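S.K.: What TrEMBL records for 57-84 is region 'Disordered'. TrEMBL lists 104-144, 145-184, 185-224, 225-264 with the feature domain 'EGF-like'. Annotated disulfide bond per TrEMBL: Cys149-Cys159, Cys189-Cys199, in sequence order.
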Amino acid sequence: QCTDGYEWDPVRQRCKDIDECEIVPDACKGGMKCVNHYGGYLCLPRTAQIIVNEREEAAAESTSGRNNVIRRTPADPHRAPPNPTHQIQCAAGYEQSDHNVCQDIDECATGTHNCRADQVCVNLRGSFSCQCPPGYQKRGDQCIDIDECTLRPYCHHRCMNTPGSYYCQCNAGFQLASNNHTCVDINECDANNPCAQQCYNILGSFICQCNPGFELTSDRINCEDIDECRTSSYICQYQCVNEPGKFSCVCPEGYQVVGGRTCQDINECETTNECREDEICWNYHGGFRCYPRNPCQEPYVLTSENRCVCPVSNAICRELPYSVVYKYMSIRSDRTVPSDIFQIQATTIYPNTINTFRIKSGNENGEFYLRQTSAVSAMLVLVKSLSGPREHIVDLEMLTVNSLNYRTSSVLRLTIIVGPYAF
C-alpha cells in the first residue's frame, strides 16, 4: 500500500505522487494558486516563485514552469533561486531548508516520534510509522511476540518459540537439514560407529550385532565372547577349548579329531610303527604295543603264527597243554556290562569227544565269565566294568576227552588291552 498523497504505478511497480492540483477541482481559494508537492499540494500567492529540488522519481512527472514553479535536479543543489521574493510555507512533516525548499523531517532521526521502546520507528514522507520488530505483531499500541509454532508446521519434529523468533529441534537420531526445518536421519554407523563389531543404521537409531561366537553385552553395544564350552558338557567328545569367537575340540594322545568334535583312535601300527623286526605291532584304543613274533616258551615250539605246540616226544609235555595260541584284543574303558567280548572255538573236531571250557587263569577278581555256547565253542563275557589303561592276560582252556579215556587240552592266551578312555 502507498501512503497518503501517493498511488500505485502498475507499470513501474512503485508508488508515485498524486497531482492534486490536477484532480482536485478548485483546490485553492481566494485567488491562491495550487502548487503540487510530494505527497500533497500547496496554495500560494500567484506571484510566488518556488524552486524545488527535483528527485529522480518525480522529475519525469512534473511540468517545469507551471504556476511559476522552477524545478531543478540534484546536479545543482547549491544554485540559489533567482531573486526569491517569498518564504515558502511547508506542510506538516516538512521543514524549510537553507535553500528555501520544503524537505521531509526525519522524526526517527531527530527523536521527535512517539514510538514505544519495543517498537521500531520508520520514517515516511511527511510523517513516520511505529512498527513492531520482526517476530512481533501489533496489538493495540503494544508489540506482542508471534508464536510461530502455533501458526503452521514450520518444523519437521519440534518447534521451540523464542522472543521474536523460533527454532526447530529434532528427535534423537535425527539432525536439522540445511534449511533448519527438516529433520534427516543421522547415520550413526558412518558418523562414529558406536558398535564394537557390526553396526546397522535404522531410521532414527542404530542396532549393534556381533560376529559369530560373540553376543551383545547388557549395554547392547559391546560384544563378549560366548564360552561354548560352558553351554554343554557334550559339545566335545574329550575336551573343549574356548577361543575368542569360537571353540575347538582336542583329543588325548593316541587320538585324532574327526568331524570337529569326535575322537578317533590313531593306528600307530600303520603310521609310526616303532616295533623291532622280531616284534609285531598291536594297536589298541589310544596306543599300541609290541609283542614278540615268537611268543613260545620252552618247551613249546612255534608251528604257525601265534601258535605254540609242545612236542609229544618231549616227556615234559605230557603234563602240559598240547598247544597254546596267543591272541590279542582291545576294549574301551568302562565298557557296559555284561558284554560278550570274545568267542573261543575248537579248530579240530574229533568224533566221540566231549569238549569243556574254563578260565584257567587271569580271573582272580571275577571280571569274566565263560559261557559255553555249543559242543565246540564258548563265549567270554565281561561281567565287571574295566577302567584303563590296563592289560589283562586270561588263559582260556578247552579240555577234550573221549570214551577211551583219551584226554588232551589246549590253551588260548588272550591278552586284553583296556584303553584309557571310553571312546
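Each residue, glycine too, has its Cβ placed from N, Cα and C.
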S.K.: Check the domain 'EGF-like' (225-264) for me and report the mean pLDDT.
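M.R.: It averages 95.
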S.K.: How many whole Å apart are the CA atoms of Cys199 (disulfide bond) and Cys159 (disulfide bond)?
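M.R.: Spelling it out, the Cα of Cys199 (disulfide bond) and the Cα of Cys159 (disulfide bond) are 31 Å apart.
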S.K.: Around Cys189 (disulfide bond), how many other CB atoms lie within 10 A of its CB?
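M.R.: Summing over all protein chains shown, Cys189 (disulfide bond) has 17 other Cβ atoms within 10 Å.
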S.K.: Measure from the Cβ of Cys149 (disulfide bond) and count the other Cβ atoms within 10 Å, all protein chains considered.
M.R.: 17
S.K.: C-alpha of Cys149 (disulfide bond) to C-alpha of Cys189 (disulfide bond): distance in Å?
M.R.: 33
S.K.: Whole-number answer please: how many Å between the C-alpha atoms of Cys159 (disulfide bond) and Cys189 (disulfide bond)?
M.R.: 28
S.K.: With every protein chain in view, what's the tally of Cβ atoms within 10 Å of the Cβ of Cys199 (disulfide bond), excluding that atom itself?
M.R.: 18
